[in-house]
Amino acid sequence: MAANTDRNSKPSVYLQEPNEVQGVFNRFDANGDGKISGDELAGVLKALGSNTSKEEIGRIMEEIDTDKDGFINVQEFAAFVKAETDPYPSSGGENELKEAFELYDQDHNGLISSVELHKILTRLGERYAEHDCVEMIKSVDSDGDGYVSFEEFKKMMTNKSGNNSQAEPPK
């Protein structure tokens with residue numbers, strides 16, 4: 001995710017820049033061979049706290065692996081990311097957003113806290129202070145309660161206006 005150099009603007013979580021997509025892809029590509037295997041995908045999902053079954057990993061791989069070579073390359077990954085952040089998602093889009101939200105909502109109370117965000121980022125190998133996570137939450141928290149609800153998360157993930165007022169971990 002790209003660094004934000006303008007101190008007055010808030011960073012964005014959207015993976016719009018090729019280097020941002022490549023950076024996230026590289027986190028999944030544990031062995032650095034330029035492709036994501038089912039085992040690598042399972043490892044990242046496990047690090048995020050998901051107990052995804054082998055069958056579900058297979059379904060995810062099948063959905064993203066459009067050339068059917070058994071791996072996800074960076075182009076397939078980028079196409080998937082673009083589809084997942086489409087402001088007009090397919091009928092299954094909301095369910096997929098809900099699943100993503102639930103990965104962050106560790107205590108399953110329907111809200112993402114700065115503590116939960118910090119835990120997930122730490123599991124992903126990101127090094128952010130808790131106050132950074134508080135700021136990320138604030139930038140998406142439209143009702144000011146200190147948490148991100150599913151509706152706030154959905155709005156953030158489907159916003160394509162080019163508005164960079166959404167949260168991304170500062171680098």
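Just so it is clear, glycine is given a Cβ too, placed from its N, Cα and C backbone atoms.
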Of Glu99, Glu116, residue recorded by Swiss-Prot at the Ca(2+) 3 site of Asp105, Asp107, Asn109:
Glu116
Contacting positions for the domain 'EF-hand 3' (92-127) when only residues 6+ beyond its ends and CB under 8 Å are counted:
27, 44-45, 47-50, 84, 86, 133-134, 136-137, 145-150, 153-154, 157-158, 169
Please report the DSSP secondary structure of Asp145 (Ca(2+) 4 binding site), reduced to three states.
coil
Which of the three DSSP-derived classes (helix, strand, coil) applies to Glu116 (Ca(2+) 3 binding site)?
helix
Neighbours of Asp29, Asn31, Asp33, Lys35, Glu40 excl. site residues, C-beta within 8 Å of centre, Ca(2+) 1:
Phe28, Ala30, Gly32, Gly34, Ile36, Ser37, Phe71
I need the most crowded of these binding-site residues: Glu76, Asp145. Count other C-beta atoms within 10 angstroms of each C-beta and give me the top one.
Glu76
